Structures are given as C-alpha cells and as structure tokens.
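Swiss-Prot has this to say about the protein:
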- 3-167: domain 'EngA-type G 1' (DOMAIN)
- 9-16, 56-60, 119-122: GTP 1 binding site (BINDING)
- 199-374: domain 'EngA-type G 2' (DOMAIN)
- 205-212, 252-256, 317-320: GTP 2 binding site (BINDING)
- 375-459: domain 'KH-like' (DOMAIN)
Amino acid sequence: MPFKVAIVGRPNVGKSTLFNRLVGRRIALVDDTPGVTRDRRVHSARLLDLRFDVIDTAGLEEAAAPTLAGRMRAQTETAIDEADLVLFMIDARAGLMPDDRAFAEVVRRKGKPVVLVANKTDVRGTDAGVLEAFALGLGDPVAVSAEHGQGMVELRDAIAEFAGQAEEEERVTEEETVLIGEDIDPDSEEARYDPTKPIRIAVVGRPNVGKSTLINALIGEERLLTGPEAGITRDSISVDWHWRGREIKLFDTAGMRRKARVQEKLEKLSVGESLRAIRFAEVVIIVFDATMPFEKQDLQIADLIVREGRAPVIAFNKWDLIENRQEKLAELREKTDRLLPQARGLRSVPISAETGRGLDQLLEAAVSTHVVWNRRVPTGPLNRWLEAASTQHPPPAVSGRRLKVKYMTQVKTRPPGFVLSCSRPEAMPQSYIRYLVNGLRESFDIFGVPIRISLRASENPYAGKARKRT
C-alpha cells in the first residue's frame, strides 16, 4: 500500500495549491474563496525522490453533522483516519486563528504523525506567523509557499522521516517530477528563470563583521542599528529594496557564534532566527572580516549554508584596512576553493561597508549566483555529457565487477539536483560522484552553488526471466 499523506487545515490556507504542487499539475480547483474543496481527493504524488498518495481535503470548520459543512468535515476526518501522515497547514500571512488551535487539537486526538506546514511565506510580514505556529505544539513548522514552490526540499525531508523513503525506486523523468522552487506553468513543460521575481538575500556572519553596516550601505540609509559592540542585532530584520530595477528582500541576522559560546537565552533565540533566515533566503551573503578571515566559525557557517542548499556569496569586508590588495585577494580566493570544495567557484568580492567600495560588484555576484542556482540542464545534452565523461573516465570495478552508469536526469533546481541511474549504487565510490559533480560544473557552468547527485539502481529488463535458447 502506498504511503498516504493528508493535507488538512481550516479553509483557504492553500491546501489545494499544495496538492496541485505535489501532483505536478492543476487537478484541484483553487480559489481565494473559502470552501472550494468539498470532497476528499486522492492522487499519486512525487516530491523529489519520495512517492506517496496525497489526499486533498475540505477545510475543517465547526458545523453540525447534518449540514453540508458538517458532512465536509466528516470527509476530512475520514481522510485523517486513512492517512499515514497529516500535513497540518496554517496561513502564515494571516497568522494563527482560533480555528487553527481548535483543529490542531482534533488532529492531535487522532494520534497520527503530523508535520506542521506554514504556508504563504513568500510575502512580507509572515515571519511572525511562522513563529506563532510553534504554539500549536505540533513540532517545528516547515515554512513553504505552495504557490511558488518554496520550501519543498524542507517539506520533503520532513515527510521522509515518516515515510522511510530515502532513495527513488522508479525512473524519474522531467515530465513526472514535481517542480521545486518554480511556479507551476500549465502551458509550459520547461521552467525558465524569471528575472522579475524578487530575490531573498540573507546577510550572515560572525558577530561584529559588519553585517548591519553593509545593509545600511546598500540601501543608503541608517535602517539598522550598528556599533562596535558585538551582538547588537538580536533578530532577523528584513528590508525591501530595489537594485537596478530588481526587487530584493534583504535579511540582516544576528551574529552566529559557536554553540559553546551561545549561553544567553535571548542569544540562542537570535541564532535560531538566523538559521530560519537562511532557510527563508535564496542567496546568502557570508560576511568575512578580511583582516582575520577563515576563522573556524566562518567555515562552519559557510558549510551550513551549503548543506541547506542555498546560493552562497562571500563578502570580504573591511577591505580598506588591507595592504597588498591584489596578492591578498588571490590568496583569499585560492583558500576559498580549497576550504569550501562543496561549492567550488563560489563568488567572493572584496568590499568596504564603511566606504561603499565593491557594493555593486557584490550585488552583481549575488544575482549571477542566483541565476546559476536556478540553472536547468536539458536531458539530451546532459546524457551526451554523461556518456563522454564515463567513456573518458569509466567507473571503477568493485569486487571484480565494473560499475556502469546508464542515465542522468535533473530533478530539481535551487540548487541543481540530479538522479543518476547506475548499477549497484551502494558500491559507487564518492570519488566518482565528485568527478561527475566537477564535470557538471565545468561543462554546464554551475560554479559556486551546491550540486546534489542521488543514485538509483538501473532496471535490468532481463531480471527474473529465463534465458531463451537459440
């Protein structure tokens, strides 16, 4: 039996939009009017490498049993009973409502595993709604935008904990794969980069490296409190801004220290806010102090950003204090590639937030990295490259049998993610995966962002069949 996931919540929080997103096409009717969905609807769904059945439900409402609303509620409760996992959805834009609290209790009484989903986080002013969701006692909320596909990787990870599925078991094709991080376009098979959409940029770094000074310099006003004392910024502050006609949402964050040094309760909350800002962001500018770069905490922050799948850019701040600048920049960029190989080619820009030096170049790097982060490689060129790469450097033999690579497809962007069909994926050495990742970077210009490759076993069409005699 397929793993079943029910999407529930009060009316008009975006359940049907998420249903359509998971199914991969517009099946459920979506409208701003509450109560559009009346019956529960079941369909097979795919989220990256996870396959399951998803159930769309009517909005939970208080109503007498004989009424239409009461019968709709009964359908929803039946869906919860049938499901293996409940996605309890709230509207982060509207904030927590009394009905959310009441229906959270209904779901809790059912005793089913629950993932709390905070929807509509792609608009300004939703951070408070996400934080309010903790009060429901259903665990940490997963922030998503069902309409725009944001947060789908995090949702996949949350579902996978309960589904027990980590590897894709069937052939994934571009036509079947749910669109991640891009709008569903019913008229187009190929998602394209949209330069009119806002870019969410978080500015992170150790305490007192100049994050708030940098944002003030970028927007040209004293919007954020700055000073020589470490830790002035206590929470994640967002600033809406335009640069060369492009809408940008900037997040300043609290300085991120090593865990052992995070003692004060308020500072722990501040670091938690910084982590959430990273997850909300698309591009993350990591501010290094150029006078003492590559501290252990700098590298830990950079590694976290890459693991979260964000698009990193390094700003070497306080460049006005550096002597022998050309030699120093070459040295820092060489160190960047050596110490952060998981995002080889990462863009780094020398700046001075105090004097304004290098700020345009920093924003140019952020926008170009965002384009690469959204890059999609067509299947034809991808597999021609794979054939050439595996011919030039075949996979090794393991236990006397040579491994074979068969086919590759890109299953997501933001960051680029690929599935490689091969024989015996469990035996494929990491060194060969790194070879393929480096080849993808070189051949398709995917420098400076994480690249993820998942392996799946290729199908043997003769498996289980008796060999025919000639």
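In case you wondered, yes, glycine gets a Cβ from its N, Cα and C as well.
Shown here: features listed in Swiss-Prot, placed on the structure.
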residue: GLY9; record: GTP 1 binding site; Cβ within 10 Å: 27
residue: ASN12; record: GTP 1 binding site; Cβ within 10 Å: 18
residue: LYS15; record: GTP 1 binding site; Cβ within 10 Å: 29
residue: THR57; record: GTP 1 binding site; Cβ within 10 Å: 28
residue: THR121; record: GTP 1 binding site; Cβ within 10 Å: 24
residue: GLY205; record: GTP 2 binding site; Cβ within 10 Å: 26
residue: ASN208; record: GTP 2 binding site; Cβ within 10 Å: 18
residue: LYS211; record: GTP 2 binding site; Cβ within 10 Å: 30
residue: TRP319; record: GTP 2 binding site; Cβ within 10 Å: 21
THR121 (GTP 1 binding site) versus LYS211 (GTP 2 binding site) - Cα distance in angstrom: 24
Distance from GLY205 (GTP 2 binding site) back to THR57 (GTP 1 binding site), taken between C-alpha atoms, in Å: 43
Between GLY205 (GTP 2 binding site) and LYS15 (GTP 1 binding site): CA-CA distance (Å): 36
Collapsed DSSP category at TRP319 (GTP 2 binding site): helix
Local confidence of the prediction over the domain 'EngA-type G 2' (199-374), expressed as mean pLDDT: 80
Closest of GLY205, ASN208, TRP319 to THR121 (GTP 1 binding site), Cα positions, binding-site residues only: GLY205
Residue distribution over DSSP helix, strand and coil in the domain 'KH-like' (375-459): 32 helix, 24 strand, 29 coil
